[in-house]
Every structure is written in structure tokens, then in C-alpha cells.
Amino acid sequence: MGCLGNQLLIAILLLSVYGIYCTQYVTVFYGVPAWRNATIPLFCATKNRDTWGTTQCLPDNGDYSELALNVTESFDAWENTVTEQAIEDVWQLFETSIKPCVKLSPLCITMRCNKSETDRWGLTKSSTTITTAAPTSAPVSEKIDMVNETSSCIAQNNCTGLEQEQMISCKFTMTGLKRDKTKEYNETWYSTDLVCEQGNSTDNESRCYMNHCNTSVIQESCDKHYWDTIRFRYCAPPGYALLRCNDTNYSGFMPKCSKVVVSSCTRMMETQTSTWFGFNGTRAENRTYIYWHGRDNRTIISLNKYYNLTMKCRRPGNKTVLPVTIMSGLVFHSQPLTDRPKQAWCWFGGKWKDAIKEVKQTIVKHPRYTGTNNTDKINLTAPGGGDPEVTFMWTNCRGEFLYCKMNWFLNWVEDRDVTTQRPKERHRRNYVPCHIRQIINTWHKVGKNVYLPPREGDLTCNSTVTSLIANIDWTDGNQTSITMSAEVAELYRLELGDYKLVEITPIGLAPTDVKRYTTGGTSRNKRGVFVLGFLGFLATAGSAMGAASFRLTAQSRTLLAGIVQQQQQLLGVVKRQQELLRLTVWGTKNLQTRVTAIEKYLEDQAQLNAWGCAFRQVCHTTVPWPNASLTPDWNNDTWQEWERKVDFLEENITALLEEAQIQQEKNMYELQKLNSWDVFGNWFDLASWIKYIQYGIYVVVGVILLRIVIYIVQMLAKLRQGYRPVFSSPPSYFQXTHTQQDPALPTREGKEGDGGEGGGNSSWPWQIEYIHFLIRQLIRLLTWLFSNCRTLLSRAYQILQPILQRLSATLRRIREVLRTELTYLQYGWSYFHEAVQAGWRSATETLAGAWGDLWETLRRGGRWILAIPRRIRQGLELTLL
């Protein structure tokens, strides 16, 4: 039993020590390389110095390097705030640049347009009608018409199959600047911008209306602006970063991308607005790859730049544009034309057939594709029906929007059999005809149309085709259709789909054994911290938590220095452009970016201050770690992985840290209050005397309450003895009540309680006995407390005495064992010391003797060698004698 008791005692002691020294406490780290997804606005930077680039974006210095991270991150091109912002912002650029501000509703009137039988789309000049031959059915041709830079028809705009632009001259009457008088106006329209009714057979005029009058709001550009593409990049505000998946196998969605780089800005991109094709993209490589939507058949196909695919468009004719003031605030841009201009057209250069063949092969190899593997059954098709932007290939050429009919091009690329097609489509050509619209459907807002003024001069534009927008459909492995799409937004998912915006979260929480922050005695390094830039501290994102924690001071300083540096740069360019940015949508975004950066830094510092950890890189707290089974692997886990593990605990830990800090502040307040008593002068302060009076009142009230309680107890005791006092008056007014005892009754020998006195009278001397009674009750209470405490202490001593004796005996035995072991160690050390000394002496003597013998041997050998010539000389002398 004794041994068992000793073991139990030792176990209790060990558990107590473990409970004290092995408890994990929450530790706050500032400057850890961790992040979370963000959705804040980005700002743009561009090198364009034209009107748009100056008013919409900040200057671009081109100094945006990338830093590789040893982490794994998920990327999605469709569920991506960067691409969504690009889609919205490019539309805002488009809308801001043309500044549509005048509604053309007054032009929704009946117009008399020349539409004769001889000239279906006629223009009149001095009662003279310019006519063209009516088109006839062309024979089926298997010839392939090809053009290139040296073709003569390019310069003369007379390539086979191209016609004149379909335009209509109209007249209309409306009130002008003088509201009480009407005026007749002449206007030239593109035929696709009007809707005409069938006129009388004898009348050369038709009733026409401006298109879209009944379906949407039409606005005209206030100033003569044109939509020209610009190149720009997105940049993250200070405190945020852009991650990019650098894996060549990335196809628009990858939950675990292991090749991640970080930067503060994206690559350059172009404000593309086109359907079917993407032009002048920055993602073209020496391979074909596909971004495929995760839940449907939408794709964006990046074409191999090896094939040098180009598209060159031209709008022939030297147009002039004249502003016509129809009424106050409405300036219409007219095209005074005498002849119908040549039709706009585009021709395609490069190895298109090889490129489309590689596209089909890439589709077959894609893991999402389950259709036929026979590329001959994979066809490139045009979408049917819908808006003209869908049916035609819609693109922008220096401010003019072209709608190109792509049948010739598809016949040429696919080598189709054209015998079953309509007469005008029975051709295989590498160029296509286009028509121009001034009233266009906006590609981002449904039900809104914009009137774009015509562009002056002869327009030519050259573009590099870098991608295809398509929907890929297949049925049971028989046929697969690559249907060209009008999803303009897909272009920006290809350009920026490998980026994701993250918010740097430099505050990390982890458990450690230290309960409170203590400063060590080691000296500080006098060398300055090398600032790597804002993203420099993210270089440790792939390092283990322990290794990254050793560099928290440098990382936090780098983070702060980077934020301040970015803010200064951003503020500088904003100040230089504040006049230009004041009234623009993107100017507001740029200013909002700076505000976001300041809010980010202040939010982190406020959070640290709420926990009592302001301006500390490592802050130990008194809050126990809430989940003892969840601890970090400091040698293997990264801070990003650890943040994901403890994300569900963050809210609880934050609340506990705030409560601990509030309690700490209360404790400090109480401690400061106690410190005021050590000054003698504070004892005579007026506020202190008010407290003294308050305490005195409390004492008086307590005495009164005690007297009332004692009175009630005494009355209850009297009632239990059968005595009932008169309650009509208080005890202080009781007089001695004399009662005459009947002499016939026998006298009682004893008393019960405080019964009557001997004799015939009994009285209750309340005022005299009350003080004695109070004293007796207090004495009894103190006696009872003393006896109970003495009994409790004696019993505790009796219980603890054997335990203490056993503990003393155990400690004594441990001391004896330690003393014995120490004696053994001392004896062994002395024996070892003597042995070493004896060995050293023996070795010294042996070496000295050996060295003496060796030296004597060498000396004799040397003398013998030196004596050889002398012996030879002596022998020769004896011989000669």
C-alpha cells in the first residue's frame, strides 16, 4: 500500500507539472505569408497617351516582376473577380469613350427614302439615279479565290464578289430650331439601320423608320469620339496581390495548381470587342490550348501563333462627315455622298487550314471531350438566327463596326461542298464581305443601342487572330460542331483567367507553450533589414511555419514598407492626373483603390490593438488554445495550409482574445486605483472622504439590520418556549409587568427557559438584558467558530500527517539515492582522473625512452656513415705502405 501511495503521489505531481507547463496558448504572429480570396476593385495602368488612356488609367512604368511560390492554389477562369471586373470595365470604357448622351427618339419618325425598282438601294443626285445591274444566279464554282498582299484587287477594291455598300438617301420633315416651323432634312443611312415598308408600285419612295425605335433607347455620341482599342493592365491595391497559375496544362479550371507565381499587376491586355474571333491577344503561344467551362460547352480556343493568322479589313472610300443641327441639343452626323461607296471587306492571311486542323486535334485530346475521334467529323459552323452580332462576325475597325458574312471563309477552311448552297454563298474564298451599321447592339447591356457617328477617310486595320470563341457540341460520337460564339466576355477570360485576386492576411494565430510575451537577453542585430518590395515577404509562402516565423520582423517591415511605397506611387500619379480623373468612372476607381489600401492597413492595426498586440511581430497571450488536438507541424506545414485548418476556429479565438484584452485593461485599471493609496496626500482627498462617509453609513445600516435580525431570532425563541410578548408596542416601551402568583398553587422548583422569578412577581428587563444577551450570542458564535475551525484543522492535520510523512520519507529516500549516485559519480570521476593521469605519465615516460633510444640509434648510424671515408682513407694508406 505504501508503494502504491507513493506511485499515486508521484503521478499526481507529474500530471500537475504537465498541466502547468504543457498548456498551449494562442500566439499572434504579424507578417505571415498567407492570403484569402478578395473581390475589391482593381485599377488599370496603360502606356497609351491618347485621350482615353489619359482619362481612364494611370501611367504604366512597366516594372512588374513575378515571384514564384512553392504553394498549391485553385484557379477558375469563370468564377473569377478579375475577369468579371475586366468585362464590366471594358464596357465602361466603351460607354465612356463614345459618351452617348443625346436620345435620338425625335428621329423615330417617318422618312421618305428612295427605293426604286431600278435601283433597289438608290442614291439621288440632281434627279439622277445611279443604278447597278440586278444580281443574277451565279453558276456553281469549284474555284478557290485567294488574295494576298500582292493581289491587285486589294488596292483597287474590286475583288470578285464584292459589291457596293447598301445605303439609302432619305428625307424627313420635323421642327428644328424654330419650334413653330417645320424644316426638311436630307440624311444618308446604311440600309441595315432602317426598317422600310413596301411602297406603291408607281412611287419610287418608301416609308422607312430608324431601326430599334420600338425596342430600345438609342443615344448618340455628344462629341465625335471613336472606339479605338487600347492596351492596359490591371494592378492590385496595396495590401492585395495577384496570383497566376503558371501551369501549361491549365484549361480554365484547376483546383490544385502547383506552379503559382505572384505579382502586383497582370500582363498587358487589349480592349477587344468582337465576336467569333479574338484579336491581338497576349496569350498566344507555340501551341493550341482550350479554356473549357466547367459546367457547359462554352470554350475559348487559343490559336497557335506559329501559323501567323491575320485578318486585314478595309472600308474603301474617302468619306466626309458633316454635323447637322436638327434641334437644340441634337447634332446628327450626316454623310453627304454622291456615289455609293465600295463595300467593306476583310481577308485572312496565314495557314488557316493547318491551324483549324490543329484545333480539331486539340479538341479530341481534351479530357472534357467525349465525342468522335475522327477529325473529319468535327466541323466549324456558323450560328443560326439571333442578333446580327451573332449571325455575322462583328468587329471594330478604327471606330467603324463591321458585320462580316463568313460563309466564304468557312467554305474555304472546311473545303465544303458548295453545290447545295445559295448562289451568293457558293464560293470558297479567304476574304469575306462586310457591311457597316451605325446603330449597334451593345454587347454587355441587353436592350440598349448606341448610335456611332461614321468615321472619316479611308479606313484600314490589321489584326492578329489569336483565339476562337466557340461552343463545342457532339451527339453520340457521330458529329461534332464547333459553333462560333458571340460571347465577347470569353475573350477576357482567356486573357485574365489564369489570375486570381487575393488579400494578404499578415495576421496568423497558432498555439505555443509560452503564456506571455517576454523579451530575451540576446542582443539585436545592428544590420538593417533589406526590403524586397511589397511582395518580397511572400517568397516564404512555401516555407515551413517555423522557418517563416524566424523572419517575421523582416517580413512585417517589408509588408509595411511595400504598402507605404505603393500608396506613395499611387498617390503621386493620382495627383498628377487629378484634373483628368475627376469626372471619369475609372478615376473614381483609382481613388477608391487608395482608400482601400489605407483601410486595409488600419484594419489590421486596429485588430492587433484590440488584442493588445499592437506593433508586435510575435505576441503571446493568456488565452488557452481551444483545440488541443489541432497543433501545427512547424517543420512541414506552411502558413497558408495552417490558416485553412484553423479557419473554423478563427471567430472563436478572436472573441476570446478580445475578452482577454478587456479583462487585462480592467485589471490594469484596478491596479492603478490601488497604486493611488501609497500617496499619503490622497487619503485626505475630498473624493476619499466622501467614500469614508459612505462606508460609515454602511456600518450604521449594518448594525441596525443586525439588531433587527437578533430581535426576530429572540422573538422566535420566545414563541418556541410558549411565551408570546405583547406586539402592540416595541420592547423599549415594555414595563415590568408584575403578576401575582396564586398562593394556593405549588411553587415550581425549576425554570424552563427564562420563566418567572421565584416569588410572586416576574418581569422582563429588556433594556438591561439586551446588551448582555448580545454579548453572550457573540461569545457563543465566536466559540462555535473557534471550535469548528480547530476541529477542522485537527482533522485536516490527521489526514495530511501520514501523507506528509510518506512524502517526507519518499523525498528522503530520493535524496539518499541521489547522494549515493553522486558519491558513485565522484568516486568514478576521481578514479577516471587518476587513470588518465597515470596513463599520461606512462605514455610520457614511454615516449621519452623511445625517443632517447631512437636518438642514440640515429646518432650511431650517423657517426658510422661519417666514418666511412676515414676508414677508406686509412685502408688506402695501409695498402700503400
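Placement of Cβ uses the backbone N, Cα and C atoms for every residue, glycine included.
Here's what Swiss-Prot has on this protein:
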DISULFID  Cys44-Cys57  disulfide bond
DISULFID  Cys101-Cys222  disulfide bond
DISULFID  Cys108-Cys213  disulfide bond
DISULFID  Cys113-Cys170  disulfide bond
DISULFID  Cys235-Cys265  disulfide bond
DISULFID  Cys245-Cys257  disulfide bond
DISULFID  Cys313-Cys346  disulfide bond
DISULFID  Cys397-Cys461  disulfide bond
DISULFID  Cys404-Cys434  disulfide bond
CARBOHYD  Asn37  N-linked glycosylation site
CARBOHYD  Asn70  N-linked glycosylation site
CARBOHYD  Asn158  N-linked glycosylation site
CARBOHYD  Asn186  N-linked glycosylation site
CARBOHYD  Asn200  N-linked glycosylation site
CARBOHYD  Asn204  N-linked glycosylation site
CARBOHYD  Asn214  N-linked glycosylation site
CARBOHYD  Asn249  N-linked glycosylation site
CARBOHYD  Asn280  N-linked glycosylation site
CARBOHYD  Asn286  N-linked glycosylation site
CARBOHYD  Asn627  N-linked glycosylation site
CARBOHYD  Asn636  N-linked glycosylation site
LIPID     Cys789  S-palmitoyl cysteine
REGION    113-169  region 'V1'
REGION    170-213  region 'V2'
REGION    313-345  region 'V3'
REGION    477-484  region 'V5'
REGION    528-548  region 'Fusion peptide'
REGION    591-607  region 'Immunosuppression'
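Feature map: annotations from Swiss-Prot on the structure.
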{"residue": "Asn37", "record": "N-linked glycosylation site", "Cβ neighbours (10 Å)": "14"}
{"residue": "Cys57", "record": "disulfide bond", "Cβ neighbours (10 Å)": "29"}
{"residue": "Cys108", "record": "disulfide bond", "Cβ neighbours (10 Å)": "13"}
{"residue": "Asn158", "record": "N-linked glycosylation site", "Cβ neighbours (10 Å)": "11"}
{"residue": "Cys170", "record": "disulfide bond", "Cβ neighbours (10 Å)": "21"}
{"residue": "Asn280", "record": "N-linked glycosylation site", "Cβ neighbours (10 Å)": "16"}
{"residue": "Asn286", "record": "N-linked glycosylation site", "Cβ neighbours (10 Å)": "7"}
{"residue": "Cys313", "record": "disulfide bond", "Cβ neighbours (10 Å)": "23"}
{"residue": "Cys346", "record": "disulfide bond", "Cβ neighbours (10 Å)": "22"}
{"residue": "Cys434", "record": "disulfide bond", "Cβ neighbours (10 Å)": "26"}
Cβ neighbour count within 10 Å of Asn249 (N-linked glycosylation site): 10
Cβ atoms near Cys235 (disulfide bond) (within 10 Å, other residues, all chains): 24
Entry from the disulfide-bonded residues list Cys44, Cys213, Cys245 having the most other CB atoms no farther than 10 A: Cys44
Candidate nearest Cys313 (disulfide bond) in space, where candidates are the recorded positions Cys213, Cys257, Cys265, Cys397, Asn636 and distance is Cα-Cα: Cys397
Around the Cβ of Asn627 (N-linked glycosylation site), the count of other Cβ atoms that are within 10 Å: 14
Cβ neighbours of Asn70 (N-linked glycosylation site) where a neighbour is any other Cβ within 10 Å: 13
Nearest of the disulfide-bonded residues (Cys44, Cys346, Cys397) to Cys245 (disulfide bond) - Cα to Cα: Cys44
Cα proximity to Cys461 (disulfide bond), best match among recorded positions Cys44, Cys235, Asn249, Cys346, Cys404: Cys346
Cys346 (disulfide bond) versus Cys434 (disulfide bond) - Cα distance in angstrom: 7
Candidates Asn70, Cys235, Asn249, Cys404, Asn627 (recorded positions) - the one closest to Cys44 (disulfide bond) by CA: Cys235
Whole-number Å value for how far Cys397 (disulfide bond) lies from Asn627 (N-linked glycosylation site) (Cα to Cα): 63
Of the recorded positions listed as Cys113, Cys170, Asn186, Asn249, Cys397, the one whose CA lies nearest the CA of Asn280 (N-linked glycosylation site): Cys397
Alpha-carbon spacing, Cys397 (disulfide bond) to Cys265 (disulfide bond), which is rounded to whole Å: 29
Shortest C-alpha distance to Asn158 (N-linked glycosylation site) - which of the recorded positions Asn186, Cys213, Cys346: Cys346
Counts by DSSP class (helix H/G/I, strand E/B, coil) across the region 'V5' (477-484): 0 helix, 6 strand, 2 coil
Between Cys346 (disulfide bond) and Cys789 (S-palmitoyl cysteine): CA-CA distance (Å): 109
Rounded to the nearest Å - Cα separation of Cys265 (disulfide bond) and Cys257 (disulfide bond): 20
Number of other Cβ atoms within 10 Å of the Cβ of Cys404 (disulfide bond) across all protein chains: 22
